[in-house]
Structure formats: C-alpha cells, structure tokens
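Among the features that Swiss-Prot reports, [4Fe-4S] cluster 1 binding site is placed at CYS64, CYS67, CYS70, CYS114, with the record citing sequence analysis. What Swiss-Prot lists as [4Fe-4S] cluster 2 binding site is CYS74, CYS104, CYS107, CYS110. The domain '4Fe-4S ferredoxin-type 1' annotation in Swiss-Prot covers 55-84. According to Swiss-Prot, the domain '4Fe-4S ferredoxin-type 2' annotation covers 95-124. For 170-196, the entry in Swiss-Prot reads region 'Disordered'.
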Amino acid sequence: MFSILKQVGDYAKGTVEAAKYIGQGLSVTFDHMRRRPVTVQYPYEKLIPSERYRGRIHFEFDKCIACEVCVRVCPINLPVVDWEFNKDAKKKELKHYSIDFGVCIFCGNCVEYCPTNCLSMTEEYELAAYDRHELNYDNVALGRLPYKVTQDPMVTPLRELGYLPKGVMSPHDLPEGSQRSGKRPEEIIEEAEASS
C-alpha cells in the first residue's frame, strides 16, 4: 500500500516539475512576443548605423594634397593616387584617386592618418553590385566632381553639340542676337505650330 502511495507522490512531483518547466518556457516565449522585432524588412526599412560605423569612404578632391599617406598606412596598399608635379607652384597636383571597395577591409587607417581630413567614413553600407569592377570607385564616385563642369572632358563635346556655336563654352561670351548651332525645344515647337 505504501508503495502505491509513494508512486502516486512521485507522479505528482513529476507533474508539478513538468508544469513548472513548461511555465518557464512559456514565460520566455511570451516575453519575446512582447518585445520589438529584431529583424527589419530590409529594402523598405533600413537600420540606422551607430555613430562610429565604418561604411563607404567619402573623398573630397579639393582637400587632397597627394601626400599618399593613405596608401602607406593601408594594410593592402589599396588607394590609387595619381598626381603630377606642378613646376610653377612647386607642389603636387592630384589627377586621379580611386579605391576598390571589393578589396577594402574598412579598417579606417586612411581616414585616421589623413593630414588634411579629405577622407571620411560614411554610414553607407549598401555596396552590392553585379560586377566586381563596379566596386572600384574613382574620385567622382567617392565625392563631388573634381573640376568645373565646363572643363570636364565628358561635358565639352556635349555642350558643343548643343545650343552654343563651336568653340564657345559659356553663353555669356556670345554677343546678343547671335545664332545658336542648335534649336531649343521651344523653338522647334513654335516652328511646328507656325507651319501647321
């Protein structure tokens, strides 16, 4: 008889312990249900990185003195700095600057040791591309344009195709009443309306 009572007592203890463990597990589950979700719907929601996040490097062309400190402190000698010596000013002039973010380890040494603070880390972390060559950012992709738009070798032929006579780069240099080499869209519409 005592053996049956002992078995019933052990069964009751086991039941109480099982209920306790189930209750602990459910309390953890309900606690997590009340919390804010950890994941975000990425393309539509974006996490805000911390203040000292090391993202894509921003480069300011006008501040760079072509000292190449960034190349010397980089563990993989990554930044490509092309410069030429200006004999009149007796100093280096930067011609081209590029960084390949497919190889960069984002250590931040170049930013830390730059004497003119022309390099800085941004909070941009979306650097995905279909082709690895697209991750090679030149001075235009890293920051703002290196020269005036009127001196850009890509813009010069386009401007000559447009509305100014050949060789004239600024509309302010034209005398009043001079003919343009092309027609503006408004002029084309006016001619079409006049002929119909």
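Note that Cβ sites are derived from N, Cα and C of the backbone, with glycine treated the same way.
What Swiss-Prot annotates, mapped onto the structure for a quick look.
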{"residue": "CYS64", "record": "[4Fe-4S] cluster 1 binding site", "Cβ contacts under 8 Å, 6 or more apart": "LEU94, TYR97, THR116, CYS118"}
{"residue": "CYS67", "record": "[4Fe-4S] cluster 1 binding site", "Cβ contacts under 8 Å, 6 or more apart": "LYS92, PRO115, THR116"}
{"residue": "CYS70", "record": "[4Fe-4S] cluster 1 binding site", "Cβ contacts under 8 Å, 6 or more apart": "PRO79, VAL81, ASN109, CYS110, TYR113, CYS114, LEU119"}
{"residue": "CYS74", "record": "[4Fe-4S] cluster 2 binding site", "Cβ contacts under 8 Å, 6 or more apart": "CYS107, ASN109, CYS110"}
{"residue": "CYS104", "record": "[4Fe-4S] cluster 2 binding site", "Cβ contacts under 8 Å, 6 or more apart": "ILE57, ILE76, LEU78"}
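Residues ILE65, ALA66, GLU68, VAL69, VAL81, CYS110, PRO115, THR116, CYS118, LEU119 surround the recorded [4Fe-4S] cluster 1 site, their Cβ atoms falling within 8 Å of the Cβ centroid of CYS64, CYS67, CYS70, CYS114, which are themselves excluded. Same-chain neighbours of the domain '4Fe-4S ferredoxin-type 2' (95-124): 48-49, 53-65, 67, 69-70, 73-76, 78-84, 132, 135-139, 142, counting only residues six or more beyond its ends whose CB sits under 8 Å from a CB of the stretch. Using a 10 Å Cβ-Cβ cutoff, CYS110 ([4Fe-4S] cluster 2 binding site) registers 22 neighbours. Note on the domain '4Fe-4S ferredoxin-type 2' (95-124): DSSP counts are 5 helix, 9 strand, 16 coil. Mean model confidence for the domain '4Fe-4S ferredoxin-type 2' (95-124) is a pLDDT of 92.
Assigned with DSSP, the residues of the domain '4Fe-4S ferredoxin-type 1' (55-84) fall into helix, strand and coil as follows: 8 helix, 8 strand, 14 coil. Of the listed binding-site residues, namely CYS107, CYS114, the sparsest CB environment within 10 A is found at CYS107. Annotated [4Fe-4S] cluster 2 site CYS74, CYS104, CYS107, CYS110; additional same-chain residues within 8 Å of its Cβ mean position, judged by their own Cβ, are ILE57, CYS70, VAL73, PRO75, ILE76, LEU78, PRO79, ILE99, ILE105, PHE106, GLY108, ASN109.
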